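See below for the structure under consideration.
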């Protein structure tokens, strides 16, 4: 499933094409994806100008000029591609699919002549429309925690969120009501860089005074560092993720621990090897020698 860096990569690819453009038409090719499309979905979007394209956790949010927001989620295998107006281009096998490819479920045609195509083989993505004024109270967003990409996440924030929690540090980081948008890959990578075990109690990052420990400060910085590097690399393409130009992300080539069980630990001076355990039904990859 695309995690925050993959969704942010898609947002940055769509933003220069969509923001300021007007939607000429919407070609909705099936009645549902993970959930049914909103009633009169094409009619409600046709003629609307896109004022901004944001992201909250793993959701893309297109602000429209009538006060509504188009909410988009990529699910397991969803992707967007941009087709600019002009002659069709011949693409390599590793490039974007041709026009009207299999599993193209929604096509947004802009007044510029360009097209934004949503492709989703497994159909776990979805799209909804909500009023911007009601978004904070919307069921999808009202329980989301802090954003980890940006200044909202800090050692003090982690100390406040994790105070008194006996759950594992990894489970706490994956709890979307605490930190929104983190997934298994980037939690494993951030914990390794921070030298913290996924099995450590989350509450151990908070002092009795409620202030953050040095570990909390280090972890907050490391999470942001890993996410920023992943976005710069276009995300991680393990199965379905592609950027809006059809290119694959390449952060998977920078993994230190994820999916690297039995490999030597890459931490300088560490003689351990990467272990794989299961936590909450998910694989955790870490080095027991240098992650404490």
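Glycine residues also receive a Cβ, built from the backbone N, Cα and C atoms like all the rest.
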Among 115, 122 - the residue Swiss-Prot places in the same DNA site as 103, 165: 122
Neighbour-count leader, CB within 10 A, recorded positions: 58, 122, 165: 58
Number of helical, extended and coil residues in the zinc finger (256-292), per DSSP: 0 helix, 14 strand, 23 coil
10 Å Cα neighbourhood of residue 3 (active site, proton donor): matching recorded positions from 58, 103, 122, 165: 58
Nearest of the binding-site residues (103, 122, 165) to residue 2 (active site, schiff-base intermediate with DNA), judged by Cα-Cα distance: 122
Maximum Cα-Cα separation in Å among residues 103, 122, 165, which the record lists as binding DNA: 43
